[in-house]
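Read the structure below first, then the notes.
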């Protein structure tokens with residue numbers, strides 16, 4: 001009996017997951033599979049400000065520090081082989097290939113994703129979304145779509161800023177502090193970073209993460225249980241689920257991009 | 001609706017994202033803007049290519065004149081064949097030129113060193129599709145150590 005109960009709960013979990021996936025897909029479809037309107041553009045710009053511009057200080061500072069820490073740790077190891085000039089490619093490639101997209105997406109989930117969930121969750125529980133529908137305004141187009149596009153546009157931008165700032169952070173530690181020759185730092189870096197292999201893959205990765213993180217955040221807010229506890233739970237779920245999704249997807253993408 | 005401040009800040013945000021992209025492309029990846037297919041192909045046969053990779057540079061006296069575009073195995077002779085994509089700008093190499101696989105530094109990356117040969121009236125220039133016959137294979141450290149051990153033990 002106990003066995004069958006467990007089996008049933010496993011089945012329920014799976015069905016819930018598939019149903020949730022379907023609902024999330026329908027929400028996204030309803031929000032973005034429409035002809036864009038000119039009227040919606042100011043809404044998008046406003047969200048770009050909230051989602052993108054307000055995350056910039058965080059991204060800037062963490063990018064700088066992560067680049068500096070990478071350079072410091074890398075220097076300590078590379079100097080043992082007498083190859084400390086290779087610090088440049090080490091910092092640049094680890095930022096471009098992994099840390100830039102991933103850390104930005106994790107920070108974005110915490111900074112912007114949770115805010116999106118809480119905002120839409122509160123709209124839902126105070127029945128603002130239903131009121132919009134009563135006024136014949138589609139909340140998917142009015143509320144969800146601009147936030148989704150703002151997330152998709154701003155996360156790759158933030159990842160690029162993070163990476164560029166991180167490389168300069170590594171330059172500060174490596175060249176200014178540890179005294180690596182500036183010319184060889186940049187030339188070895190430039191010789192080993194590829195446009196297609198590294199930069200395009202960095203952008204593809206962060207685009208995928210942007211869609212996933214924003215989607216999860218919006219869906220969690222849209223399907224919130226309309227009470228304070230539900231909102232707090234949804235916010236937590238946004239951060240936990242999008243972090244896990246980002247890390248798992250990162251492995252898959254890395255395997256496809258660099259696993260050959 | 002929208003305040004001016006927000007518009008300006010969003011503009012700045014997009015601009016800085018775009019700047020970061022440009023910095024990464026031109027300062028970090030060092031993309032050279034090239035138009036069309038401005039390269040010609042050469043082939044070379046080695047007995048051992050060591051750690052040579054696709055995209056490894058081909059250098060003449062330290063100047064990059066081309067890159068390795070493909071590495072395949074000759075199915076009849078079972079030796080590696082390296083395909084070089086050379087910059088059209090440098091197309092004045094005589095047929096007597098030789099290729100050797102060199103290493104930058106002791107532990108560094110391997111690259112192809114092209115040594116221009118002598119020129120004479122009856123010696124043509126290398127053109128698209130030509131093969132360089134005079135090649136020197138990679139210096140494999142393990143082989144060297146093996147030879148060294150062999151020669152010291154035979155002396156005793």
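Cβ coordinates are placed from backbone N, Cα and C, and glycine is handled just like the others.
Automatic prediction, not curation, is the source of TrEMBL annotations.
Range A:12-32 is the one annotated as transmembrane segment, of A:12-32, A:96-116 (source: TrEMBL). Looking at A:119-143, A:144-168, the range tied to transmembrane segment in TrEMBL is A:144-168.
The transmembrane segment (A:12-32) shares more Cβ pairs under 8 Å with A:198-218 than with any other stretch in the list A:53-79, A:198-218, A:239-258.
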